[in-house]
Amino acid sequence: MLELTVEQISMGQGAVDKSAALQLLAQQLVADGLVAEGYLSGLQAREAQGSTFLGQGIAIPHGTPETRDQVFATGVRLLQFPHGVDWGDGQIVYLAIGIAAKSDEHLRLLQLLTRALGETDLGQALRRATSADALLKLLQGAPQELALDAQMIGLGVSADDFEELVWRGARLLRQADCVSNGFAAVLQQVDALPLGDGLWWLHSEQTVKRPGLAFVTPDKPMRYLGQPLNGLFCLASLGEAHQALLERLCALLIEGRGQELGRATSRRAVLEVLGGELPADWPSARIALANAHGLHARPAKALAQLAKGFDGEIRVRIVDGQGGAVSVKSLSKLLSLGARRGQELEFVAEPGIADDALPALLAAVQAGLGEDVEPLPAVSARLEALEVEPPISAPLSGSLIQAIPAAPGIAIGPAHLQVLQPFDYPLRGESANAERERLSTALREVRRDIQGLVERSTSKAIREIFITHQEMLDDPELTDEVDTRLKQGESAEAAWMSVIEAAAKQQASLQDTLLAERAADLRDIGRRVLAQLCGVQPPQEPSEPYILVMEEVGPSDVARLDPARVAGILTARGGATAHSAIVARALGIPALVGAGPAVLLLASGTPLLLDGQRGRLHVDADAATLQRATQERDNREQRLQAAAAQRHEPALTRDGHAVEVFANIGESAGVALAVEQGAEGIGLLRTELIFMAHPQAPDEATQEAEYRRVLDGLGGRPLLVRTLDVGGDKPLPYWPIAKEENPFLGVRGIRLTLQRPPIMEAQLRALLRSADGRPLRIMFPMVGSVDEWRAARDMTERLRLEIPVADLQLGIMIEVPSAALLAPVLAKEVDFFSIGTNDLTQYTLAIDRGHPTLSAQADGLHPAVLQLIDITVRAAHAHGKWVGVCGELAADPLAVPVLVGLGVDELSVSARSIPEVKARVREFSLSEARSLAQQALAVGSPAQVRALVEAV
Ligand code: PEP
Ligand code: MG
């Protein structure tokens, strides 16, 4: 996020002309490590395409798309030119803001910057500023606009008294981030002002972050201090931002139009009356923006110039966007929209000019506003693409389908399909009261249902998912909006679904992946309530244990399962290392994923036989196959029972070679189960899960306490901790990371933490402090070069001087092919390697580990992956170092002898897999395993490797 700081500002600069100014700016950006030398030519090329003069004495030089690869880090540098620099066309620049940005962040920077600048003429003030502080204040102190849009209006909200209505108004301001949490309490202390016509006014400056006005009306007639209460304004006041609005409101009251506000049934009507939005009857036209980098300065300038040619008001807004409409004639306002490629723009023009202006604007946007644009894929083209997909049909009786093995075990049972069905419902309702009643009954039912799930869940993480669902159901924002629609005559189903869908869309559009994923939860509860309203019962669960068939299983779906009823899981999409597969394994339910869309056409009740180890699905298998499978399943049951009985014994091959079996966990709560299942230590503590469980980065003390709990639970067994592995596709909500085209190839793991030393140091300090003489092993994720390892090691060693630790080993995860290939060099310096086969497989085979169709081929038993493991082990052993495997491959019964044969010393798996993995080790001798491994290295496909193991 753009933050302007005094360090970025250089005061009192001089430049004879624009070219000299650009040169100065480029020097500064290079010196600060933001860009490469060649960026200057990008700045010049950009100016040659069109001046970056923004107005008010400010220019915003930046590179062209072609020079983006010269940007190392996003940032800005500001140069003040008190004597001015001629930027062409007689425009004089007193402040040049040089932007280094890799992609769309550029637009975000401009949006924030122009919002800060507002419309006032700052040029002379910027010129006269004598300190960086003063200049910064000018930029930051520019008047802020009053926030007033549809989100700030709540009509017919349920409230029993004045206090509750105040609370509702304050909540809208809080949600718009205008105020801090305590604002509701502040307003309760303020004397309300009656405006007449049943309207009331409250305002305060306390805890205000930015000015905003909320307006709420109650759902039933109300009185306050003996007078009617039809509507309440709550103002978060800051400076003069609300002045114009207040004047309009006074004029309105004098004209006797106050009642229009109290009686308004649509938020748009309120905005029109208050003058915040244009009259609804002004002509409008929409078009999707196709410019690759959105509405950045150059196309925005072209648009503003075109609009200025029309004598009348023209505004534009982003359809589905959060902000209101802005004047098309104002460049800074256009930039403040932050419109991106693919977003739809709506132009609204005064009736007198609309016939000419709207077609001209649409044509200009379509032509690219001076840029070459790649047309957006047309809806019809997308439909055509869908139509050419070959038709699919349900798998026939007796067929065998190969899918991705996701959790071992054999399951036999009838198919039970849980596939989303379209619902049919009327759009208009009987009466608002009747529809409200139906909705509240449905909500009550669903709430009760979810409460049952909360009570049944034994895991904290799973319980929290359902508690979030309950909170979503109880969110007054949602119910208020639905109520407004019910009053307008919509049916409960239509009102509920359109509000849920709008909220989900808004959530999904958030940059932050984790928050955006919450959209799925919203849609989930949306459908539950809809099913209840439509009287659609979920398909009857078969009485015997069944095989659940779904398109894709989210972790929360798995969490909802009753392992006693669900014999197996089969999905059309998904990959073996997807988190849902990991959860299925943790619950011990055999699972196959990525079986293809045809399985969704199976009739409910079709007998299925699922082999979660070999990745096979038999549809309506013949008696002999069933007989064999049943036998195998029973044998497996017995083997597991025997394995469980010996879970605390060491894992020794038949010829006495010891293999350590450790557990993978994500939080201290997992230690007890791991030890109970026979873990000889923790082989992977995924610390990012601890970070993800907190709303902001846990401080050193919190982390130390958590790591101590893990060590305490281990009773002297070793703990292998992986430092924070976030970034890329696993962002932390409180760590904004620039959007990347290929997050798996981007700034993740050690690359990210090395860029943020304070966070990494805090984690290391917490770890070292927690050790207290107990065996601690620290490893770094995603290391791809010797330099990265050395930087991480040096940081740790430096901290170790402050916090001595008796029994510490430092190592790296081998997850990137370059690390495996460099193992002979790295092995001299590290204490150990731990191979993360999930990532190592995806990077070796160039297959996204979660890819819906390809991940079936992302098999860690691929000979290419085995070659890399072989290199790693040989290098480590040559230097007397040990090697573990902590990816999912370590728990694959077919992979265990191969890994042991390659010389792997330790296997780290989920707690429930420990007894089975130990038992598997006891089944072969080291010499057999070695010869198997050598054969595996010599074949050409994972299928051949699996066949070799099965033949033994
Ligand atoms: C791996 O990549 O194999 C690994 C253990 O790390 P994660 O699955 O957490 O990326
Ligand atoms: Mg990994």
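Glycine residues also receive a Cβ, built from the backbone N, Cα and C atoms like all the rest.
Per TrEMBL, the features are as follows:
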- 2-142: domain 'PTS EIIA type-2' (DOMAIN)
- 282-372: domain 'HPr' (DOMAIN)
- 629-649: region 'Disordered' (REGION)
- 630-639: compositional bias 'Basic and acidic residues' (COMPBIAS)
TODO: Could you tell me what the rest of the chain brings near the region 'Disordered' (629-649), counting residues at least six beyond its ends with Cβ under 8 Å?
DONE: 409-412, 609, 611, 618, 621, 677-678, 914-916, 918-919, 922
Task: Residues in the compositional bias 'Basic and acidic residues' (630-639) grouped by DSSP into helix, strand and remaining coil - done: 10 helix, 0 strand, 0 coil
TODO: By DSSP assignment, list the helix, strand and coil residue numbers for the domain 'PTS EIIA type-2' (2-142), in that order.
DONE: 62 helix, 31 strand, 48 coil
Task: Secondary structure content of the domain 'HPr' (282-372), with strand meaning DSSP E or B - done: 35 helix, 18 strand, 38 coil
